[in-house]
Amino acid sequence: MHNKTLAELSHALHQREYSSVELTRYFLERIERLDTQINSFISVTAEMALAQAQAADQRLQSGNASPLTGIPIAHKDIFCTEGVKTSCGSKMLDNFIAPYNATVVEKCHTAGLVMLGKTNMDEFAMGSSNETSFYGPVKNPWDTQAVPGGSSGGAVAAVAARLAPVATGTDTGGSIRQPAALCGITGLKPTYGLVSRYGMIAFASSLDQGGPIGDNAKDVALLLNVIAGFDERDSTSLNHPQEDYTAHLNDSIAGLKIGLPKEFFGEGLNAEVGKIVEAAIKELEQAGATLHEIELPHTHLSVPVYYIIAPAECSSNLSRYDGVRFGHRCENPQDLLDLYKRSRAQGFGAEVKRRIMIGTYALSAGYYDAYYLKAQQIRRLISNDFTDAFKQVDVILGPTSPTTAFKIGEKVNDPISMYLSDINTISVNLAGLPGLSIPAGFVNQRPVGLQLIGNYLNEARLLNVAHQYQQRTDWHRQNPPKFL
Amino acid sequence: MAWEVVIGLEIHAQLATNSKIFSGASTAYGAPPNTQACAVDLGLPGVLPVLNEKVVRMAAKFGLAIGAPVAPRSVFARKNYFYPDLPKGYQISQYELPIVNKGQIQIEIDGKEKTIGITRAHLEEDAGKSLHEDFQGLSGIDLNRTGTPLLEIVSEPDMRSPKEAIAYMKKIHSLVRYLDICDGNMQEGSFRCDANVSVRPQGQKEFGTRSELKNLNSFRFVERAINIEIERQIDLLESGGTVRQETRLYDADKNETRPMRSKEEANDYRYFPDPDLLPLLIESEFLEQIKAELPELPDDKKQRFIQQYGLSLYDASGLTSSRELADYFEEIVKLSNSDAKLCANWVMGDLAALLNKNNLEITDSKVSTIQLAAMLRRISDKTISGKIAKQVFEAMWNGEGDADTIIEKRGLKQVTDTGAIEKLIDEVIVNNPKQLQDYRDGKEKLFGFFVGQVMKVSKGKANPKQVNELLKKKLEG
Amino acid sequence: MSLPIDAVEKIAHLARISLSEQDIPLYTHHLSNILAFVEQMNSVDTTGITPMAHPLDAVARLRPDVVSESNQRDHFQCNAPQVEAGLYLVPKVIE
């Protein structure tokens, strides 16, 4: 059952070939048996899952089921889930039982999806390797010595190891696409504002975006159908009419103009990874797409800009963790200042503290213009680069990550080298565009991802291109040997 | 040395909405602790703010009323600091781009008008409250007030005395109530004020170092706090010291100001645009619509009262100090069909005195407009004299019924019958032969004595004008 | 650029994070490296460029002034470290 696509699972459930309860038990058993190898879950909510599965079976029986009713899903532990620990990968929230559901979670519940549990992640989504989690690193199912990428490393690893058919993730600088690439699965970061941020614990509000993670483009489209949509509780939510993202999957891509930014293929790109991307480009060319060299001249500045804007926003977003209303509180605080300082020092890990401090500095009196304002200005230039590019091409393509998965521990003490692993994904968040990563091959048994970037609200087009590619290739059908 | 005082005020007016500025929690006052603090107010992980449409309207109304440009584009920013009554660790406010820009307002001091500049007015969310009753040596935090919409109105340092500061504050108080955007209830904290106070030698151009006084929640406290702060600063300067720029808390019980410990260190608020909220755009059509909804503003009303009713500037200002008072006045003019000046005198005189004495607002008046108008009609038609009316008025206040009932019951009807008055005069003349003789011998001052006696025997009911005329004739013999 | 130690201490204080003696040099080192790294931004002239605070040039959406939330105090306070009589308790607040 774990190798079936969502469409196949849905068909089987609707035909009563097996029940949602059986399917749910099946995945719970896989998690129980296999997750010790990769540590992809923080919480497994078996009891709740079986209750939801039972309800789903009733809906299936009574004929008022939606396409994904009864399908198990794993939520990144950044989404608030009522009555369930929502830790955001942090000691700070290790004791936090969310009192409400995130809009994304609510939409999944309404559609009848069955929550298996909450997936591991970099603490407060700050990391590219899943090593900053309070709950220990997640391991890459293809090589358990290697990182799965981050910050949605748990969600991605769980789907890659087929411990869950689909999952939700969030992407602030590449947190869905980079791990999807490193673990060989399909992950989409939608246009900023397409998926509600309500109940999604904020890291950097102007960059954060939730999105679907799955085995293939069609699965991702099916889940996007459920989680996308306007939310009156989120001021930045787009009032965009509901689309069926599966509608155009089978469209031909003949005549599609693909832009290849030379900045994505330059220095820093691993040669083997480059070859795989070249092969994928050929494949799309054979399917009728035309190739165009383009320029995104400010790409090299996206990492420094990001490492001002994201920490600035996070330094403020994370001020609410003060040991007063929820979360970790230090023992025997001497006074208020001591309560704040020790609770926060104990509750946050090193990377989170680093970013809070960088952000605090960048916003502080005398430095605001030189750092924050400057970064916002360059952000505009980066965004303009894309606007210009989309005047010439339909989609932009390149490697999701310049390398394959690196070894656990390899970059822990070198934050900047870690930051640079997101060089190809960050600019997409800065501009607020949709980006998709799909598997395109392997280098030494480690997956390589291909990134497709679209213009605003062009998710359907990206999924169409990905689906057409996946019709011609079977990289997405490969499973890690230990999780067959 | 002669010192000049320089005062600027920051007024926080709580906007009278049903729900909070960024959440759907109620703003009702007085609920049990934390029962009106919803997920958004508590800053729970994952929550987001959505701006209340009503607060935008209210702020725009205020802008239009002070002749200030309402910003076509304004931006919400985060003011970052840690405090237990500030759940998110930042306050959502407006910083570089406030909704209301430079405007002005007129105040009256000793019958003269003075213009006070308003630098800006911006929207922000209120914080919660720390309760200092002892909970095993800890403080309790109530977040019900968190997220209540505030309009912070910042004046220029244009005031030169505590009296001017009070006049300005009262004027703003009256304006926000006219506009129906704030209930003005100072006891509940709906209208509060911080004062920036400094002194400088008379004639000096540069401002002195200022201190910021917090916690001024009544007109009386504002005056007292500023006065003692001025004294403190002058004493300090005259004894060779210097004033420190600091935030001071006014302690009403001890009537002193002291530095606020929580504000001792220089703050670095790290303002930046709130990424959860998009820029607020106000279109000109929206403004036109609000303009059309504006009530008559106090200054316009004042001018109209002077012209239409022939009132003095003093009376017109007083009567227009609140919309309710002005309405009360206009209603009795209409109902009583009496001289407007007479109406003004009663509203500003006896009625105001009783309201004041009982600490009541005009809306709580125990004498209705209908009652007062009916009484004024009895003055106009000479049923009672102005003096007797005072008795009637007090009786009405004490709930003894309408003017006519009281006049009837107490027999207060004015005596206007010439024969009856002559009878009284005869009685007085007979009983005071010596005074009569003296008067006739040229001691004309004694006329007043006779008037008094006649009024006395009539128990005040005789028509004074008639008494004068008839008495003159009789005394001449 | 290299941050002086007292600057790091000041930032940590503003951010209300206590740093131990042995933490300070490490944070100073990392923060200095990051700041040196972002120096690249200065290679671009941004005169006259409007800062981009937000990925979409959208504007505020307003909600009607309606009370939509009811009392959930007990539910919310399940997560609170210390409450009494409905209040969140903290070490004495001195104004």
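For all residues, glycine too, the Cβ spot is worked out from N, Cα and C.
Just so you know, TrEMBL annotations are computer predictions that nobody has curated.
What you are looking at is a predicted structure, and each value in this text was computed from that prediction instead of being measured.
Quick look at what TrEMBL lists:
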DOMAIN    A:22-463  domain 'Amidase'
ACT_SITE  A:LYS76  active site, charge relay system
ACT_SITE  A:SER151  active site, charge relay system
ACT_SITE  A:SER175  active site, acyl-ester intermediate
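Projection of TrEMBL feature records onto the structure.
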residue: A:LYS76; record: active site, charge relay system; DSSP class: strand
residue: A:SER151; record: active site, charge relay system; DSSP class: coil
residue: A:SER175; record: active site, acyl-ester intermediate; DSSP class: coil
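Here A:LYS76 (active site, charge relay system) is positioned 10 angstrom away from A:SER151 (active site, charge relay system), judged by their C-alpha atoms. Distance from the CA of A:LYS76 (active site, charge relay system) to the CA of the residue listed as 'active site, acyl-ester intermediate' is 11 Å.
Within 10 Å of the C-beta of A:LYS76 (active site, charge relay system) there are 34 other C-beta atoms, taking all protein chains into account. Counting every protein chain shown, the Cβ of A:SER175 (active site, acyl-ester intermediate) has 37 other Cβ atoms within 10 Å.
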